[in-house]
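All remarks here apply to the structure that follows.
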Amino acid sequence: MDQLIKDIDIITGEEAQAVDYKTTQEENTGKSKKIYIESYGCQMNFSDSEIVASIMKENGYDTTSDFEQADVVFLNTCSIREKAEQTVRNRLNHFNAVKKSKPEMTIGVLGCMAERLKDKLLEEEKIVDVVVGPDAYRDLPNLVNAAEDGRKGVNTFLSREETYADIAPVRLNSNGITAFISIMRGCDNMCSFCVVPFTRGRERSRDPHSIVAEARDLFERGYREVTLLGQNVDSYKWSPEENNKARLNKKEGEVTQVINFANLLEMVAQIDPLLRVRFSTSHPKDITDEVLYTMKKYDNICKYIHLPVQSGNSRVLEMMNRTYTREWYLDRVRAIREILGEECGISSDMIAGFCTETEAEHQDTLTLMDLVKYDFSYMFFYSERPGTLAAKKYEDDIPLDIKKQRLSEIISKQNELSLERNKLDIGKEQWILIEGTSKKSSEELKGRNSANKVVIVPSAGLKLGDYVKVKITDCTTATLFGYVLEVNPL
Ligand code: SAM
Ligand code: SF4
């Protein structure tokens, strides 16, 4: 679904249309109440909804896919661009209309908009009953009870420690094959355009043992791929000394090994060779050769890196506070190619029309794209977000029509590059993991290759979760097509 949301961005060059949210599935375990959750925005949010569902389940709620059946409706929101927030507001108006005929229904806003707007939604706009930020989900049952008793339910406390490490997420909308695991929360990077450090708080890494346990449990339940999630996975760092609870068990001065992202990746890869491992997102300033060598060492770590560049011009990158230059970025791409080869997939995020960006600087983004040859990208035009460094320091001075023009040039360039890259796969033999049916035909299944490209194959004799060796015969800008050579060799 994240893919779908981002695809919509790519196609329209705009954000969040009315369709791009994900709802809870029906799960009836005989509880007395029902909760309906709509999740917007990034994959982190979808993972958070699985934590919310788990907390609510412990407190007497089953999930429903029909909000009219729900006692509690939560919107897990996104603030990344203005339009994402507008979509949620429209949806809230819709729920409020429904609430008129069902006043006992509790409506809650969770996630980034809750954190950004806090009690404004409760006090001034009076459109919701509960407002809960991303670090306060353990408090949800209390807040819902308070709201049911006619009191205000608000908690937007941002924690330096909360990682929900002990909560087993309820897998929502799951295909039973692929799952996401949050390995850290928050972000310390302060990119000037970005609202995330303000809405999701300081960066903190989750206990690696709880991550490995979650991945192992998924594997034992039949899952065959996990994606480790964080805003900046390469800065993952955990040691008992830095973790308050673990520190209690340590003697004064005792130092334990620090687990970095390469170590964590290795720990997860070692669970079983049949468990594929992916991760997202990598920050160009932090991705190390150690991570690249760990990827090379394990066949089950997929050879794909999401490495958002945002702009191809060093002056713009400096204004964005990305802390790397065009040259640094290209050097990281060189290292990827040197260590992992040409077949490693690389994707990016790009922002068109950031404050003061000149035409020549925009051209630098296009030339960088040509140099890297991204397999695909998520592309946006700049949307000023209140409270960010850019909103405080710079004028949002590129007219909307120019932003859109530049974005459409970036999108056309990416389409050319995607096709060029996909054509290189034709004739190759690749391993894919079957994870669903093709959108277009029930006679076909889809899987993804190591580089994260979708491959469509005839469904005969295959089932979800099969590892399949395919020969690629054709492609479009977004998809590869092939036929099956071999199934589940191990
Ligand atoms: N942590 C990731 C990183 O550093 O690349 C990305 C996080 S953000 C949720 C996803 C993408 O949204 C960013 O990479 C950026 O391209 C885009 N984005 C963030 N703020 C934006 C803004 N104010 N306007 C337009 N796009 C924005
Ligand atoms: Fe936002 Fe930058 Fe953090 Fe990504 S790394 S979440 S773009 S501040």
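Residue numbering: from 1, along the chain as shown.
Cβ coordinates come from backbone N, Cα and C, glycine included.
What TrEMBL records for this protein:
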BINDING   Cys42, Cys78, Cys112  [4Fe-4S] cluster 1 binding site
BINDING   Cys187, Cys191, Cys194  [4Fe-4S] cluster 2 binding site
DOMAIN    33-149  domain 'MTTase N-terminal'
DOMAIN    173-420  domain 'Radical SAM core'
DOMAIN    423-486  domain 'TRAM'
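Structure with TrEMBL features highlighted.
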residue : record                          : CB count, 10 Å
Cys42   : [4Fe-4S] cluster 1 binding site : 22
Cys78   : [4Fe-4S] cluster 1 binding site : 27
Cys112  : [4Fe-4S] cluster 1 binding site : 29
Cys187  : [4Fe-4S] cluster 2 binding site : 22
Cys191  : [4Fe-4S] cluster 2 binding site : 22
Cys194  : [4Fe-4S] cluster 2 binding site : 23
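For the domain 'TRAM' (423-486), residue counts in helix, strand and coil come to 3 helix, 37 strand, 24 coil, using DSSP. Selection of the binding-site residues Cys42, Cys78, Cys112, Cys187, Cys191, Cys194 by a Cβ distance under 6 Å from ligand 2 yields, in sequence order, Cys187, Cys191, Cys194. Across the fold, the C-alpha of Cys42 ([4Fe-4S] cluster 1 binding site) and the C-alpha of Cys194 ([4Fe-4S] cluster 2 binding site) stand 14 Å from each other. In this structure, the C-alpha atom of Cys194 ([4Fe-4S] cluster 2 binding site) lies 12 angstrom from that of Cys112 ([4Fe-4S] cluster 1 binding site). Averaged across the domain 'Radical SAM core' (173-420), pLDDT in this predicted model comes to 94. Residue counts for the domain 'MTTase N-terminal' (33-149) by DSSP state, with H, G and I taken as helix and E and B as strand, are 61 helix, 26 strand, 30 coil. Cys78 ([4Fe-4S] cluster 1 binding site) sits 17 Å from Cys191 ([4Fe-4S] cluster 2 binding site), taking the Cα positions as reference. For ligand 1, the neighbouring binding-site residues among Cys42, Cys78, Cys112, Cys194 are Cys42, Cys194, by Cβ distance under 6 Å. In sequence order, Asn189, Met190, Phe193, Val195, Val196, Pro197, Gln231 are the residues of the same chain, not among Cys187, Cys191, Cys194, whose CB sits within 8 A of the CB centroid for the [4Fe-4S] cluster 2 site. Listed in sequence order, the residues Tyr40, Gly41, Met44, Asn45, Thr77, Ser79, Ile80, Ala84, Gly111, Val196, Thr199 complete the 8 Å Cβ shell around the [4Fe-4S] cluster 1 site centroid, once Cys42, Cys78, Cys112 themselves are left out. Cys112 ([4Fe-4S] cluster 1 binding site) sits 13 Å from Cys187 ([4Fe-4S] cluster 2 binding site), counting Cα to Cα.
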